[in-house]
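To keep things clear, I will list the structure first and then write my remarks on it.
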Amino acid sequence: MLDVNNFEYMNIGLASPDKIRSWSYGEVKKPETINYRTLKPEKDGLFCERIFGPQKDWECHCGKYKRVRYKGVVCDRCGVEVTRAKVRRERMGHIELAAPVSHIWYFKGIPSRMGLVLDMSPRALEEVIYFASYVVTDPANTPLEKKQLLSEKEYRAYLDKYGNKFQASMGAEAIHKLLQDIDLDKEVDMLKEELKTSQGQRRTRAIKRLEVLEAFRNSGNKPSWMILDVLPVIPPELRPMVQLDGGRFATSDLNDLYRRVINRNNRLKRLLDLGAPSIIVQNEKRMLQEAVDALIDNGRRGRPVTGPGNRPLKSLSHMLKGKQGRFRQNLLGKRVDYSGRSVIVVGPNLKMYQCGLPKEMALELFKPFVMKELVEKGLAHNIKSAKRKIERVQPEVWDVLESVIKEHPVLLNRAPTLHRLGIQAFEPTLVEGRAIRLHPLVCTAYNADFDGDQMAVHVPLSAEAQAEARILMLAAQNILNPKDGKPVVTPSQDMVLGNYYLTLERPGAVGEGMIFKDTDEALLAYQNGYVHLHTRVAVAVNSLKNETFTEEQRSKLLITTVGKLIFNEILPPSFPYMNEPTKSNIEEKTPDRFFLDYGADVKEAIKNQEINPPFKKGILGKIIAEIFKRFHITETSKMLDRMKNLGFKYSTKAGITVGVSDIVVLDDKQEILEEAQGKVDNVMKQFRRGLITEEERYERVISIWSAAKDTIQGKLMKSLDEINPIYMMSDSGARGNASNFTQLAGMRGLMANPAGRIIELPIKSSFREGLTVLEYFISTHGARKGLADTALKTADSGYLTRRLVDVAQDVIIRETDCGTDRGILAKAITEGTEVIERLEERLVGRFARKPVKHPETGEVLVNENELIDEDKAIEIVEAGIEEVWIRSAFTCNTSHGVCKRCYGRNLATGTDVEVGEAVGIIAAQSIGEPGTQLTMRTFHTGGVAGDDITQGLPRIQELFEARNPKGQATISEIDGVVAEINEVRDKQQEIVVQGEVESRSYTAPYNARLKVTEGEKISRGQVLTEGSVDPKELLKVTDITTVQEYLLHEVQKVYRMQGVEIGDKHVEVMVRQMLRKVRVIDAGDTEVLPGTLLDIHQFTEANKKVLLEGKRPATGRPVLLGITKASLETDSFLSAASFQETTRVLTDAAIKGKRDELLGLKENVIIGKLVPAGTGMLNYRKVKPVLQVQSSDEMVPAE
């Protein structure tokens, strides 16, 4: 067998008849499979042991030789070699065909490869191959032409006229002869000459033919090999036949298809031997051709061959295609040993890096380890007795299991794994029961809840795997989200509520203004009921453990609450004392106004201070981010555990409940509604008088009711009591929001009908009051659409992620610096006046391309190739700089990847990205994972043509697939001035742009809103009307940079509108993959063919070569490919074939004799090598691990 890790590339090509015979271990002559009496394979049949090897290890067919000592002996009675049975998985056979047949992939594919080589139409080919017409193979000196088709009648007539002077025949034999006669070199030269003169369709056809002929010439494949003389038979274990309970047999469809081929082949041989009339022989040959077609690709031509119950049989092609095919089912996703799955329940007492593993599950997963340990400790004499001990679950087994499990991380995975945080490592602790315990803080990353979710457990076996799991994948290491670099482990729900309740301040609470000497005394007072958690009190500063107080402050009193004293205990001592939820308190220090001199009137001071809001979810997130920035991972994960415990404890103590009485209906709701109704009646009156159009009336009514709802919402939130449980839930960010509350107590507001148009009758009732029947009915539309959308969205979003992963899977950080001198000009992304992404967000974690200087002082803020961190970014923005040149993946010169400098900081770790990081896949996951949060709807606000702009997920797909957008905008192709805007017929408008040399006129579609005015100066690529730009058009009139920028901005716009933040660099990586190819226009003196798509790097290499020789370089135009197209155009045929259109990709690759260099991740997974990313990169693979035992307490210290 091949050593998987030792080959460098993989070739694919056409197999010659001799090659097929050399693979084979014998000819399959009979269609029989198994003898139904003895259940032994028939000799010379499809399962023959002499050809394919023995069915049982070390045992021949007749039983003369048994046992391993006869290894390699060929039995003299039955001819079977004594060897392992698993050779039946690799030994092939063959069938000698009595007549050549065509391979359907090459004759039927689009474009037909056979047709291009012979310059015949696929229709003509089909007529010849399936015996409907004759083709002239040698016209000799008759007026007939080579490759001319003749019907039966014409053929007879010409035979009578010319006798045997000319040769014409039908079937694959005729095509075989034509293919053998082709002189590739001569044809290629003729085509190259033709290209110089031809135009239009002839040129396109010539380019296609040239491509195929060049492919044959360069790859060493012979065109005649597209016709098969001999058919390979795949190993029997890959098309098994198994006996079912009732004595019946279940068999693979391939056996049926092979059987038909063999039957027809044998019948044809017999007919030929008998010298049957040609019409019978021809019919049999046609049937043989159809049988082989069905075997290779059933259903590609004509009606598929069906089995019992009219089910089409699965052919060889179907075995590779689709989700259930070989590629996606068995090569890219395998089931693995040492794994299990179970329901998850919450484990609030676990540490960040722990999970609870049910005892019986752990025992089964770690069985081999436990057995080894039992023998080593002398608790069992040998492995067999150790196994027996485990199966009987004897008490000493548990102690051994405990010791084995310590230090051995396991991986937990929850499907669907949308991003890399869907698999994390934990240290297992044994728990009773049968459910896996999961730490509450990692739920966000897994998107898990405990309503019956299940998770899978996997055990990393080797020392290297365990080390990687512990160092890279431990849950305590994965605190930041790779998509935006923000903490992903922020507390949620109960934890938020507990900390919110704890940090509340209530005026006039019991014991207000008391002074304590230290925290302990305050707690004692609280426990004895003298003060409340929410009471504002004063504490001597010098007794607090916090190290950030100044000497001056240490001699004062601090005004705070008992709850905040408790809250600050969980923060590191060198972190500012948190007394108010502000940015300055988190980043700098506790504000001065909370400090009082000894002897001051504390009660008076407290009365004069306004109430500070409690700590909400967002503030907790900021505290975590700041702690991570200052103290890194270990300290952060310990702090998170303390915050979690505090949250749970105090949300329990708060005892927050929700009752009907908590939902208070607004008093002046009726007045607001009546006022709105009055306005609506007014609008209706205007409409009836013909003062406004139907469209305007609708718009106004909608806006009146929206305003009414907003008024109610505002008043509601104001009228609520601070300690109303529902208000606390929504205000803290634990659950629900203002809109939910408005629907409960205010009014439901406007609803959309099934078409997405807003119904102008609002729902005036709230849930608390109860809806009328009509209101209830109207509500069901929206609810149902929501559920349907969600179901569709999940599938769409998953497919988007899959396409994104496929297009970027080979983008890996390959080197430290690519040495490019280009970059991009980063400025804030805006939409009108609204800022979508601020400049500092775009700069953080990027390398500067040019030095950044202060506009006034000229001081250099950031040097060239220096990393811009948070502080530098803020400094740049405060200096009033609005645009900065930065390094970007767009302009990186590294082939098959990006360099460290152009990529910048790794968002998942907050440090420099490592060489070997698979940034392409991380980018794809970061864009795909929030896909489910995007809306599906195309918003119709009243159906104005200009407003039907796609948003949400469909817009993202439109952008990444580079489709023509809906509601397309017109763009200017030249620089110039808008000379005039004229109304032409049917409300259409004509815009005339006057350039320096020429003028262009554009017709704006009916009703489109213009974005330019007369006399305005515009540049090429500028939008003239409202709508989305077609990026392909934009690329034609401008340059790559403009298109890259446009796509980046548009993608960010969609995500930010939905409140999802994604790092620019992820979108950059994806867009870069879409703009990798160049379409060759003129080949110059290079080897490349005009009209072909080439990778930019191959294109520049080819040009470099000819320029050095002083010849003419090729010219090309950059092409924007959608992600599906880009995936299929990748250099790796394995990756492309496993993505989509498997047969087309393989057909093409085989003809070109493609060579897969195994650079990407997918190719290596398919052939079973380590992926060439991360620790699998060659420069890291040479490192050998040295085992040093150290206890996990040092990794993440115990509490």
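Cβ atoms are placed via backbone N, Cα and C, with glycine included.
The Zn(2+) 1 binding site annotation in Swiss-Prot covers Cys60, Cys62, Cys75, Cys78 and rests on sequence analysis. Residues or ranges marked as Mg(2+) binding site by Swiss-Prot on the basis of sequence analysis: Asp449, Asp451, Asp453. Taken from Swiss-Prot, the feature Zn(2+) 2 binding site covers Cys818, Cys892, Cys899, Cys902, and the record attributes it to sequence analysis.
Known features from Swiss-Prot, placed on the structure.
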residue : record                : Cβ contacts under 8 Å, 6 or more apart
Cys60   : Zn(2+) 1 binding site : Glu49, Pro54, Lys66, Cys75, Arg77, Cys78, Val80, Glu81, Val82
Cys62   : Zn(2+) 1 binding site : Cys75, Arg77, Cys78, Val80
Asp449  : Mg(2+) binding site   : Cys443
Asp451  : Mg(2+) binding site   : none
Asp453  : Mg(2+) binding site   : Val343, Ile344, Arg414
Cys818  : Zn(2+) 2 binding site : Cys892, Asn893, Thr894, Val898, Cys899, Arg901, Cys902
Other residues, Cβ within 8 Å of Cys60, Cys62, Cys75, Cys78 Cβ centroid (Zn(2+) 1 site): Glu49, His61, Gly63, Lys64, Tyr65, Asp76, Arg77, Gly79, Val80
Cys899 (Zn(2+) 2 binding site), number of other Cβ atoms within 10 Å: 22
In three-state DSSP terms, the structure that Cys899 (Zn(2+) 2 binding site) belongs to: strand
Densest Cβ neighbourhood among Cys78, Cys892, Cys902 (binding-site residues), 10 Å radius: Cys902
Residues within 8 Å of the Asp449, Asp451, Asp453 Cβ centre (excluding the Mg(2+) site residues themselves): Ile344, Ala448, Phe450, Gly452
Cβ within 8 Å of the mean position of the Cβ atoms of Cys818, Cys892, Cys899, Cys902: remaining residues of the chain near Zn(2+) 2: Glu815, Asp817, Thr820, Arg887, Ala889, Thr891, Asn893, Thr894, Val898, Lys900, Arg901, Tyr903
